[in-house]
Amino acid sequence: MADTRTPNGMADLRPDMRILVPAAIVLLVIIGSSVLFPERSQAILSSMYGAFVNATGTWYLWVTFAMICLSAFFAMSKYGDIKFGAPDEKPEFNTYSWLAMMFCSGVAGAVMFWSIVEPLWDLISLPQYAEPMSREAFEWSLAYVMLHWGPVTWPWYVIVALPICYMFHTQKKPVLRISSAAEPFLGKSRVDGWLGKFIEVFFIIGLMFSNAAVMGVSLPIVNHALASTFGFEPSFGMELVILGVSAVIFTTSVCAGLKKGIKILSDVNVLIALSMVAFTFIVGPTTFIVDNFTNAFGKMTGNFFEMLFWTAPFEANSFPKDWTVFYALWMASYGPFMGLFIARISRGRTVREVIMMGIFGGIAGSFLIHGVFGGFTLHQQWTGAVDAVGVLKASGGPAALVAVLNSLPGSVIVLIGYCVFSTIFLATSVDSCAYVISCAATTKLVPGTEPTRGHRFFWAAMQAGLALAAITLGGLGPVKIFANFAGALMLIPITFVVISWFKMIKGYKAPAERREERVESVAQTVTAQAGAGE
């Protein structure tokens, strides 16, 4: 076995047991209790979740708005010129692969599920007091989907990425961890001590919960799609088989490494997604899809503040907390993970590139998928071609998704393509998650090094175990609970990291300011020399 230890100042790729052991113990307890006592576990989680969201949910809407404002400020100010790496350093990945990895890791396989199922839920969940299944509900539906997967999502990712990128690529700090990015605020002694380890354990558990929410959605979808295609009944056993196939894919990706593994999977999956979107757009109701997207975009932008901050305080309407607050918490839970992952792939980029291309690239991809599939879904429901809402109520989201896709021409090919797409997305998500967690739990990383394969395998296996817990509990409720608890855990490290970012850039001067100072300094020197000569 190779020795992962190296001399001082170099990498030490051994797992940090002060982080790995407590995180693993907590996760094993959760996995064991969920699998062995699913009903009791779900009841406990549901009661805790309801109390938490009622008490704190609205605050997350304000934090989401703060992330949007911070993104705009850093992109448009002088801080946008900050380079991650040497001044003349070229980007490590080309723009397509960079955005593809960011998008695949940021939305995972869930984007395809929610692009069809969320508009249906919105039709019966009373957004903005619209009557169920009314024309107003149809108009609000896609507008809310675009809000949730656009402005509510991507600012969380890029803001957390900035300080981590700066420390890892510009300051050459050796550890790719959330706690490291909080060092300017907390101090080195606290980061290296119990507080830093505590932050990493919080981060790992939160990310595991967040990714379990994605897997808890993705596995039943593929199960139902395969069952519809090949004529068998969906079963728990088939979900285990799908989980096993995904494990083989992400195991292969782990062996290939970052540049060949996640990069290739992301490139391929974006092509599959674009092909499915193009096919649905062409063979579906093209004019309606364009009209509906345009209408929804106008409705979202024209009512942005009302939609984001709507809390229904004078009516027993649960839509804001069930959906907008849910997404704010879920995306908060993914913030540190995406921050670390974006940092790893963004050497040679600037602050402005990370923010502008990250946010607008992510939003464009999300709007494209949701606009086409969401528009097609609403058309089929509105015209009566498919009673997808009826299927949703009777059999759940995965069955409703399959019913909608079955209404497309060549539905068998579409469903098979969807299964491939979702399985690869699932594998990419697990691989990215295992990679980032193993970075956080490695004793010492330096630029150019990666965690050991065995370490990544360990966290991938833990992720599979938590996915087993999610599908054992079953339904959309546990998925939301997992995601919201993850968001609650992540807000602590996010707060530390954002404060640290302000301390890092304090005193930063843009190139133009530095040039002016040099010119002024030279002028003062010349003046002084001229005075001395007289």
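Think of each number as a place in line: the chain as shown, counted from 1.
Just so it is clear, glycine is given a Cβ too, placed from its N, Cα and C backbone atoms.
Taken from TrEMBL, the feature transmembrane segment covers 20-37, 57-75, 96-117, 142-168, 198-220, 240-258, 270-290, 323-342, 354-373, 457-476, 482-502.
Most Cβ pairs under 8 A with the transmembrane segment (482-502) among the ranges 57-75, 142-168, 323-342, 354-373 are made by 323-342. Fewer than three CB pairs closer than 8 A are found between the transmembrane segment (142-168) and the transmembrane segment (20-37), and contact between the two stretches is not assigned (pairs 6 or more residues apart). Sequence-distant contacts of the transmembrane segment (270-290) (same chain, six or more residues past either end, CB-CB distance under 8 Å): 100, 103-104, 112, 365, 368-369, 371-373, 375-376, 379, 408-410, 414, 417-418, 420-421, 424. Among the stretches 20-37, 96-117, 198-220, 354-373, the one making the largest number of Cβ pairs under 8 Å with the transmembrane segment (457-476) is 198-220. Counted over residue pairs 6 or more apart, the CB atoms of the transmembrane segment (198-220) and the transmembrane segment (354-373) come under 8 Å in fewer than three pairs, which marks the two as apart. Ranked by the number of CB pairs under 8 Å to the transmembrane segment (323-342), the listed stretches 57-75, 96-117, 354-373 are led by 57-75. For the transmembrane segment (354-373), the residues of the chain that approach it from at least six positions outside its boundaries are 71, 74-75, 80, 84, 95, 98-99, 102-103, 106-107, 111-112, 114-116, 142, 145-146, 149-151, 153-155, 157-158, 161-162, 165, 270, 273, 277, 280-281, 284, 289, 292-293, 296-297, 342, 346, judged by C-beta separation under 8 angstroms.
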